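According to TrEMBL, the protein carries these features:
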- 13-275: domain 'NADH:quinone oxidoreductase/Mrp antiporter transmembrane' (DOMAIN)
- 16-35: transmembrane segment (TRANSMEM)
- 47-69: transmembrane segment (TRANSMEM)
- 139-157: transmembrane segment (TRANSMEM)
- 164-181: transmembrane segment (TRANSMEM)
- 187-207: transmembrane segment (TRANSMEM)
- 228-248: transmembrane segment (TRANSMEM)
- 260-280: transmembrane segment (TRANSMEM)
- 309-331: transmembrane segment (TRANSMEM)
């Protein structure tokens, strides 16, 4: 409750001090969720996350106070560099490149539930605050380019599912920043669809019990449904048509071309193709008819019917979402 409450305080605040307090409440609620006395990796990840977020929060507070002391209290027009300086700690909080260095390490030490929270809920408040500052300039465009390029190339050499999802999240952060430049409604739409797909992937991967790429092929023959859900959700997250993940990217590309950002559109589409490549690399061998499946994996999935049904519902949304949207649009 306090995690979501902190986010809402931050988003609905009408002053930067209130926004900072909301971010702190959000951080202080997430740390106990992350840390686990029985697991050393969780504790290490929560400590790393805490140090990075405190650095970002302290910088944000310092910058805002400095701005109020040296410039006009209510506007950002007096100095063109002020929005850039204040948006830097927010970019660090949301894990956009080149301020992403903490993100893969923290994700690697977390449970799947916390990974889902870190990729979705924890990005909402910083990105919403960025929407007050963001505009088309060299600084923002360079952040977008670096996020999309780092997110695509960084995931190529990874074997851990958590790190692959981390670099995918960095790539999607670049796309969300493009959506923020154009309109807040577009960002909301992109964020909602991205969150749905990320949760679907996390649910399916958690059910399969895989933490690394090679384990995805070792899942039992009896849970072909879970394997199918996991791979189709991954492809949807990568933005392959006709899945739901293609819809927000399609709209963002159209808006970029309408705003004369065609070179940027070309670069982000190419980087998106690279992310799709490493998703296909995971999925391809299992989609083949001659893929190897062990008979000795005795892990039972019979007592997880509720989780299975949730994963199935969300995977169906991921599969059929774009088709449904197309039908609705054509009817209208």
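The backbone N, Cα and C atoms fix where each Cβ goes, and this holds for glycine too.
A contact between the transmembrane segment (187-207) and the transmembrane segment (16-35) is absent, since fewer than 3 of their C-beta pairs, 6 or more residues apart, lie under 8 Å. Outside the transmembrane segment (139-157), and at least 6 residues removed from its termini, the chain residues within Cβ reach (under 8 Å) are 84, 87, 91, 96-98, 100, 104, 163-164, 166-175, 177-178, 181, 264, 267-268, 271-272, 274-275, 277-278. Beyond its flanks by at least six residues, the transmembrane segment (164-181) meets 94-97, 100, 103-104, 107-108, 115, 119, 123, 127, 130-131, 134-136, 140, 143-148, 150-152, 154-155, 158, 187, 189-191, 194, 198, 201-202, 213, 237-238, 248-249, 252, 255-256, 259, 261, 264, 268, 271-272, 275, 278-279, 282 of its own chain at Cβ-Cβ distances under 8 Å.
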